[in-house]
Amino acid sequence: MNTQESIFRSADMSLIQIYVAAEIVRDVIAAFGSMSNVQFRDLNKNISSFQRNYVNEIRRFDNTQRQLRYLYKIINDQHLAINLNYQLIDSNINLNNNNESENNNENEIQNESIIGNIYDPIDFDPTTQNKIQYSPPLKSSKIDQLIELISHYELKINDLSTNLRNLSQKKYNLIENRHVLLISNNFFSRQSQLNQNNNIDNRFSIDSSHHDNSPLLVEEQSIHLDFPTNHIPNNDSNIIENAIINSNPLPAIDFIIGTIERDKIDKVQTILWRTLRGNLFFNHIPIDDPIVDESTNENILKDVFIIYTHGKNLINITKKVLISLNAKVFNINNNYQNDFNDNNYQNDLNTLNSKLDDLNQVLDQTQQTLNLELSLISDKIYYWSILIKMEKSIFITMNKFDFDNSRHTLIAEGWVPTYDIQLLKNALRDITDRASLSNMDPINTSQTVAVVNVLKTNRTPPTFHKTNKFTQVFQNLCDSYGIATYREVNPGLPTIATFPFIFALMFGDLGHGFILMLVGLYLIINELKFSKIKKDDMFDMIYSGRYLIFLMGVFSMFTGLVYNDIFSIPMTLFKSGWEWPKDFNPGDSIEATQNPNHPVYFLGIDSAWHGTDNALLFLNSYKMKLSILIGFIHMLYSLCFSCVNYKFFNSKIDLIGNFIPSILFMSSIFGYLCITIVYKWCVDWYKINKPPPSLLNMLINMFLSPGTIDEELYPGQAFVQVFLLLVALICVPWLLLYKPMALRSKHNAAVNSGYTSLHEAELEDFSNRIQDNISVSNSQFVIVDYEDNSDGEVDVDYRINTEITTGLSEESQQKNFDFGDIMIHQVIHTIEFCLNCVSHTASYLRLWALSLAHSQLSTVLWGMTISSAFSVSKTSFGTVIFAFFMFAMWFVLSVCVLVIMEGTSAMLHALRLHWIESMSKFFQGEGYAYEPFSFKQVIEDGDDDI
């Protein structure tokens with residue numbers, strides 16, 4: 001089978017077994033990762049992940065990825081751009097250690113570069129059988145060097161970041177200290193002025209009966225201050241207050257100055273008041289400038305607090321409460337309150353400013369050094385992360401292999417498309433050639449041997465449908481419902497045409513379809529630009545379906561032409577087939593007559609139907625019958641796919657017992673209904689002066705009163721309907737009994753002939769059919785081996801290896817023929833099919849319902865916006881503004897409601913019609929997806945990890 005045939009049904013798959021020397025296993029896996037055509041089987045399922053051979057290497061790469069994530073975080077925190085333009089061809093990794101001065105005791109990174117083609121895609125022309133151009137992966141020493149470099153950078157950036165963070169904290173602390181010093185200066189200078197003037201006339205009294213802040217011991221006193229305070233005195237607070245105001249040096253009285261978040265002021269006041277039992281004097285002054293929070297680097301508002309109390313015990317309690325609320329306490333010269341001196345204050349302020357200047361210089365130098373290092377890293381970190389992902393994926397894949405200690409060889413099994421075996425053969429040949437040339441001992445070639453066997457097996461291969469960027473979205477629609485069974489017809493291929501067409505029948509509008517087409521066309525034109533940017537889940541889903549959106553828009557434009565509908569307005573593209581009378585009075589009921597010169601409108605619905613009293617009745621009848629026709633055709637060709645499957649798998653029993661009675665049953669009832677619909681459309685009932693018969697009554701009477709015709713549709717109708725009814729009735733027992741009886745007869749014949757069971761015979765036949773699908777040239781793989789010639793050189797000998805056959809699985813061996821199970825299954829299938837013929841046909845009426853709803857909603861929206869805007873009798877500036885806003889409202893609602901919401905609804909209904917009504921006629925969906933080892937997939941899946 002070639003690659004083109006794998007589109008209609010899944011590709012032929014071969015199970016291969018590979019014996020590869022441990023010395024070249026990395027090169028082999030790297031080649032397979034570049035080709036993306038081998039799905040490896042896990043041969044160590046019974047071994048836990050931490051007991052496998054290469055768990056230490058994987059942990060090492062995990063640690064390196066952790067270091068890369070840390071570097072990514074620092075780069076993003078510093079708002080530096082990361083170079084995402086990487087190439088896997090001729091890519092250089094500089095392991096240079098520039099702009100650094102290391103101590104002599106530290107290990108230095110060697111100034112080397114990893115240069116070369118790494119993990120390049122393999123180019124192979126199967127028509128000319130050219131030798132592939134493959135470049136091996138990086139050497140292990142280079143990977144070790146890269147890991148060492150990343151660790152070195154992580155250590156250095158961590159030190160720089162820590163120093164920068166510590167310096168920033170010191171800077172913010174000094175800034176807060178300066179604010180505290182400035183505010184305390186104002187506070188103590190005012191206190192000193194009060195002491196000099198002995199002026200405390202501006203008094204205010206605080207009510208000591210306040211229940212929230214009242215002290216435990218209350219006196220009939222009030223403390224008088226001329227600066228704002230938030231305190232309530234008790235029997236000791238008046239002593240503290242007088243000592244503060246009069247500057248009486250009391251050794252037991254001390255104060256605490258610091259900063260705290262503004263929204264915590266009330267909380268700390270309440271806690272301290274109750275903790276110290278009112279033995280404190282609390283004052284707070286807001287800081288005008290916001291302060292940078294050290295932990296979050298966000299600007300927050302803070303206040304400076306000054307707390308007076310007495311006794312070391314109370315001071316310690318106060319500090320503990322403040323620290324618990326993330327307050328900062330600063331050390332201020334205690335002499336300020338006793339002997340305030342501007343010179344002392346100015347000296348302290350100058351010292352703080354000098355420290356800040358020095359700190360800012362060091363901070364700037366550290367920031368510049370950090371940015372310089374990060375700029376060097378940001379240019380290559382994405383490329384490094386790709387290399388680490390690839391190397392990690394190689395060792396994860398190696399953990400799936402079985403290890404032969406005696407031969408120092410790894411044994412792998414995997415599924416490969418049969419048409420890619422030649423490509424696989426050339427890749428391994430190139431790897432072994434390179435390994436033999438680089439081997440230091442050309443006499444001993446056992447370290448560079450790769451042996452491949454094609455296995456005969458009864459295991460079910462994975463399902464692989466070859467797709468491209470156009471067909472991928474349609475294949476994903478079908479795979480979302482279920483993966484096709486191996487080698488059955490691929491439902492994704494006809495979906496390319498049927499899905500947008502079914503959608504368009506419900507969404508048919510030329511204008512709305514044009515908008516949808518423009519969206520898809522824009523995404524297609526700019527797909528190269530969008531493919532390079534990181535997309536969220538919603539946009540990625542829309543971008544992936546760009547070709548589907550484009551086709552849905554194109555098909556909707558076609559059905560819009562058929563429905564003659566553009567934004568609910570008809571188009572007069574051709575001459576109408578109807579004529580309206582010219583002489584009539586307003587309000588009279590008039591009827592149109594057919595134009596003898598133009599009896600039929602060229603394409604679609606005649607525009608004369610729009611706005612008539614019976615337009616809705618006519619369109620309902622037309623779209624309802626059209627839905628039945630489309631539904632029957634859709635289900636009929638889907639049922640024919642089951643015939644294709646039965647013929648491919650040589651299942652004559654299913655062909656005779658399932659397909660033939662199914663298609664006869666369906667055609668005798670609903671096929672007959674579709675024929676009568678078309679016949680009724682073709683007859684001019686007005687011309688023959690006969691009322692058109694009701695097809696619904698005809699179908700009901702066909703079952704309830706066979707042979708009775710109330711309104712004859714055509715001559716001989718009674719006989720035809722009785723005959724078709726008998727055919728449908730015969731098909732029911734045929735569908736029910738033939739397959740179980742045929743299988744039982746075949747089983748009995750097999751037992752009498754010496755076979756143990758029919759099931760085992762079928763398994764053997766199935767295995768033979770799989771191998772028959774593999775061409776003779778590819779059924780046995782060429783083994784790469786080496787022999788020595790008389791000249792001492794290495795000759796390559798390509799021998800045909802004996803095929804290895806795997807045994808039957810335990811489940812297959814234990815499964816026996818059971819007539820009861822088969823009979824029950826067939827009964828269920830028969831009942832389900834007969835009922836589904838009715839329900840699925842009725843389900844296609846959603847095409848009519850959604851089309852009608854879309855058309856009516858579009859008409860209502862047009863009438864309430866555009867039509868009302870232009871129905872104003874007098875034109876003025878206000879009517880122009882009104883029309884402008886009505887148009888904007890109409891356009892926004894059309895896009896949001898009619899295009900997006902209605903389009904999504906129509907798409908979901910079209911999806912259901914494909915999954916249930918169509919695919920149920922032939923689709924088994926019991927396969928599993930082909931997921932080959934691919935570096936491209938590893939990179940795409942790992943983009944969110946770092």
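Glycine is treated like the rest: Cβ placed from N, Cα and C.
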- request: Quick one: sort out which of 7-30, 847-870 is the transmembrane segment according to TrEMBL.
  value: 847-870
Message: I'm a bit unsure how to read this: which one of 501-525, 546-563, 626-646, 658-679, 718-738 has the highest number of Cβ pairs shorter than 8 Å with the transmembrane segment (847-870)?
response: 501-525
Confidence summary (mean pLDDT) of the coiled coil (143-177): 91
Message: Pairs of Cβ atoms less than 8 Å apart decide it: which stretch in 501-525, 626-646, 658-679, 876-901 has the most with the transmembrane segment (546-563)?
response: 501-525
Message: Can you tell me which parts of the same chain pack against the transmembrane segment (501-525), counting only residues 6+ beyond its ends and a CB-CB cutoff under 8 A?
response: 542-543, 546-563, 565-568, 571, 626-627, 630, 634, 846-847, 850-851, 854-855, 858, 894-895, 898-899, 902-903, 906-907, 909-910, 913-914
Field: Remote residues contacting the transmembrane segment (718-738) - C-beta distance under 8 A, at least 6 residues beyond either end
entry: 653, 656-658, 660-662, 664-665, 668-669, 672, 702-703, 706-709, 826-827, 829-830, 833-834
